[in-house]
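Reading through the C-alpha cells given below for one structure.
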Amino acid sequence: MTGHNVSHYPWGPPDVCGPGLILPLVDERLWNLKFRATLYFLALLYCFIGVAIVTDVFMSAIEMITSKTRKVYLSKLAKGKKQNGSYNAVEDGPQPETNLKEDEPEVIEVRVWNDTVANLTLMALGTSAPEILISVVEIVGHHFESGKLGPGTIVGSAAFNLLIITSVCMLALPAGDIRRIQRFKVFFVTLLFSFFAYIWLLIILRFISPNVVELWEAAVTMILFPVLTIFAFFADKGWCGLGMIRPGRSKRQLELGPMKDERVGSKAQECASEFFREGKLDRENLVKFVKEVKKYPGLTDEDAAVLAAAKMVNAQHHTAMWYRIGAVRSISGGRRMEPVLNDKLKQVYEIMNSHPETPTVGEAPPLPDLDTHSVIEFHAATVAVRENIGKFNVTLWRHGNLEPQVRVRVETIDGTARRGEDYVALREIVTFEPGEKEKQVTVEIIDDNKWEPNEEFFLRLTLINVRKQPIKLGRISIMEVTIIDDDKPGVLSFAKRGFVVKESAGVVQIPVRRNCGADGDISVKYRTIDKSAISGRDYKGGEGEITFKNREVERILEIPIIDDMDPEKDECFEIELFDPSGGARIGNINRVAVTITNDDDFNTVMDRLMVLTNTNLDAVRIHTETWGEQIKTAMTVNGGDIPNATAFDYVMHFLSFFWKVFFALIPPPGIFGGWLCFFVSLFGIGILSAIIGDLATIFGCLVGLDDTITAITVVALFTALPDLLASRLVTIYEKFADGALIHITGSIAVNVLMGVGMPWFVAAGYHSYHDSQFKVPAGALGFSVLLFSIAFVLAVALLLIRRRLPAFGLAEIGGPKIGRVASVVFLVTLWILYILFTCLQISGVIKADF
C-alpha cells in the first residue's frame, strides 16, 4: 500500500520497496532482504491474530446491540379458555399454560432486530470489517487514488469463502449427514445480489466508463447494499411473493422469528430444548432436569449445575457470529463460549444427547417396552481390580425381550488411568444370541511395577444399528474400573447412615459398598423396615438380594418412592443388610434410614442450584460488563478457567497476550448498550488494517509478488480463517445450512458493495470536487472479477444440483461420501484455477483485454 509521499533519506539510495502509510518505522535499507521478508511475514501473521481478537470485541458489541428486546403486551381474548385455574390466549396453535388472571395481559419479550437484517448489516459488517477497512485505508493512503490490495482482498476473500469454506463445511459432516437450506428465498436474494454486485463491477470498469469510476456509479454500488437488506427482509417476512409463512404460526412467532424446532437440529439441541425452552432458566425446568441427572450415580449438585448450564447454551439458536467469536477464542486461549465438562460429565452429556430415550439418565422404560426391546447394561456401576491381575472379565446382562439377536459396542475411556500405560484399550462388539442373558468381555490391566495411587478408567456401552435392532441401554451404561491392590472378599455396608429424598423424586438410590477386598462373587440380602413411612403407601419395600460379581465394589439399591401429592410431614423407613454369602462380612453401617421430605424442604437446595447454574452461564457469556472483568479475563488463560486449559491454550494465550490485554482497554460492551465498544473497536480494526496493508504490500514487494496476488492469497486467506472455523462449527451443530451458506453469500455481497462501493464513492466524490477523474484500471481487477463470476456461477449450479439430486443427499451440504468428495474436489479445483489464471494474467502469460 505504497503512498505517493515517498520518504526522502538524508543519505544513500532509495529503499528497494517504497514506504506505506505507516511503515517502515525505521531505516531498513541495509537489512538483509530475506530477513526483512521473514520479519514482515511474521509481523503480518501476528497482526492477523490482533485483528481477529479486536474483531471478536467488535462482534461482542454487535451481539449486545442485536440482543436488545422490547416488551409486547398480548391482551386476553374474550374467548380465552381456562385450564386448571389458568387462562390461555387462543392463538393459531396450542400454547403453554401461562398462570394469568382473567383480563390480565400477557407480557412477552421480542427481539428489536430482525435476524435477517442483523445478519446482513451489523453481523456481516463485523465479519467483513477487516477486508472493508483495508480497502478504505488504502484509498486514503493513496490520496484517493485506486490501489490493488483492497479490491484484490475483497475478490480473493469472496472466492475463498464460497469455494474453500463451503468445501470445509461439506467435509465437517460425517458421511450421510446433511444440512439443507431452510430459508431458501433469503438465500436466493443474497445469491442474486452477490452475483449482480460483481457483474456491476465489470460493467462500470469495462463498459459504461472504461477504467474510470464516476460518482453516480460508486453511489449506485453503495445504494445496492440497503436495497439488498430490504429485499432480504421482504423474503424473510414473506412479502411481495418472496416468501410464505407456514400455516398455523402464531402472531407471537411472527415477532420472534422462526420457531425453535425449525432452527435447532443437533441431538444436543433437541435434548436440551426438552428441558430449557429457548435457553431460559426457570425453577420448574431446573428441578425436572436435576431429577433426571441425579439418576446417574455419583453426580453432585455442582455437576448438575454445570450440565444444566451446558444444556441451556445448547438449547439456544446460535448465529454464525456466535460461532465465529467462539472460534477466535478457541485459537487464542480465550474465554470459552460454553461450560467445560470433565471426562465423566462428557460421557453423561453424550449419552443424554445421543440416547435421550434410554434410562441411563431418566425414568426406567415402561413395562410394555420390555416386551419388544432388549435392555443391555453392565452388571455393576463400579469394579475394583488389583494392578497385577492381568486380565479379568466384566459382565454385561440383558433383560426385557430376549428373543432377537442384538449387538452392542464396549469401549474404554481414559480417566486418571491412561490407555497404553495402565490398561489395554478395548473396543469390542458384543453379540447376544437369542435367549442369552449374560455376556462377558475381557479387560487387561498393565502392571508397571511402580507405586501409584488408585486410578480409574471407564467402560462405555454404545448402541450400534439402533434402527435395525430393538435395543436400549440400561441405567448402568458406563462402568468405572478402579485399579487397587486387594485380595479379600470384602466387607459390605451402606455408604452412610441416612439419606434424604424428595417425595416427588420417584426413586431413592442407596449405594451398597464392598470395602477391604473385591475378590470373588458374593451376595447380601436386604429388607425394608417400616417406621413412619409405610411400604405400599409411601414407598415400595420388601426383601431382596444384591449380588456382587468378582471385582465389583459398589451396587446401587433402588427403592421406589410413591408421590401421593398430599402435603404431609417428613416420613422415614429403614433398610437393613443381612445374611452375606461368599465369605463376605457385614460392616458397621448395616442399616440406613431414608427420610422422605415434602417439596418445600427442598427449596434451599434448588435455590443453590439456581445460583450455581447462573454462575456457570455468566462464566461463558459473550460480553463483559466492566473494565476490571474484561482486563482480568484477558490476562488469564481461558478467561480464568485454568484447570481446563490445555498446552495449546497456554501457547496461544502467550502469543496473543499483548493483543488481548491491549484491546481489553476498549470500553466493555455493557456500557451504553454496546455502541461505544462498537465504534472504538471499529477504529481499532481500522488502525490494524492500515498496518496489515503496509505489511502485505512491503512483504509482497520483498518477495516479488504483485499486490493483487498478495491480496487474493495471503491476506484473503488469513482474514477469512475465523469465518472458516465458525462456518465449520455452525454446520456441525445447527440443523440447517442457513448459518453457513447465507452468511457466506451475504458476506460476499456486503464485501463488494461496502468494501468497494464506500471507498470508491469517497474517492469519486473527492475527484469530482477537484474536477478530475477517479481512474481505476480494469486490468488485473477486471480479469479477477470475471474469473470469480464464472466460478460463482459454477459453484452455485453445483449447490442447486445437490439440492435436487438424491445422489448428493438432496441437500447443499453433506450427503453420501462419493457425492460429497466429488463436490469438494470440484470446488477446490475452481479455487485453484481462479488463483492460477489470475497469477498468469498478472505475469503477462495470459493476454486479456482488460
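Numbers run from 1 along the shown chain.
Just so it is clear, glycine is given a Cβ too, placed from its N, Cα and C backbone atoms.
Here is what TrEMBL records for this protein:
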TRANSMEM  39-62  transmembrane segment
TRANSMEM  154-174  transmembrane segment
TRANSMEM  186-209  transmembrane segment
TRANSMEM  215-235  transmembrane segment
DOMAIN    363-462  domain 'Calx-beta'
DOMAIN    479-578  domain 'Calx-beta'
TRANSMEM  672-692  transmembrane segment
TRANSMEM  699-721  transmembrane segment
TRANSMEM  741-766  transmembrane segment
TRANSMEM  778-801  transmembrane segment
TRANSMEM  821-846  transmembrane segment
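Between the transmembrane segment (186-209) and the stretches 39-62, 154-174, 215-235, 699-721, Cβ pairs under 8 Å are most numerous for 215-235. When each of 39-62, 154-174, 672-692, 741-766, 821-846 is scored by its Cβ pairs under 8 Å to the transmembrane segment (215-235), the top-ranked stretch turns out to be 741-766. Against the transmembrane segment (699-721), stretch 154-174 shows more Cβ pairs under 8 Å than any other of 39-62, 154-174, 672-692, 741-766, 821-846. DSSP labels the residues of the domain 'Calx-beta' (363-462) in these numbers: 6 helix, 52 strand, 42 coil. A contact between the transmembrane segment (39-62) and the transmembrane segment (672-692) is present, since 3 or more of their C-beta pairs, 6 or more residues apart, lie under 8 Å. The listed stretches are 154-174, 672-692, 741-766; of these, 154-174 has the most Cβ pairs under 8 Å to the transmembrane segment (821-846).
Remark: secondary structure over the domain 'Calx-beta' (479-578) totals 3 helix, 59 strand, 38 coil, with classes taken from DSSP.
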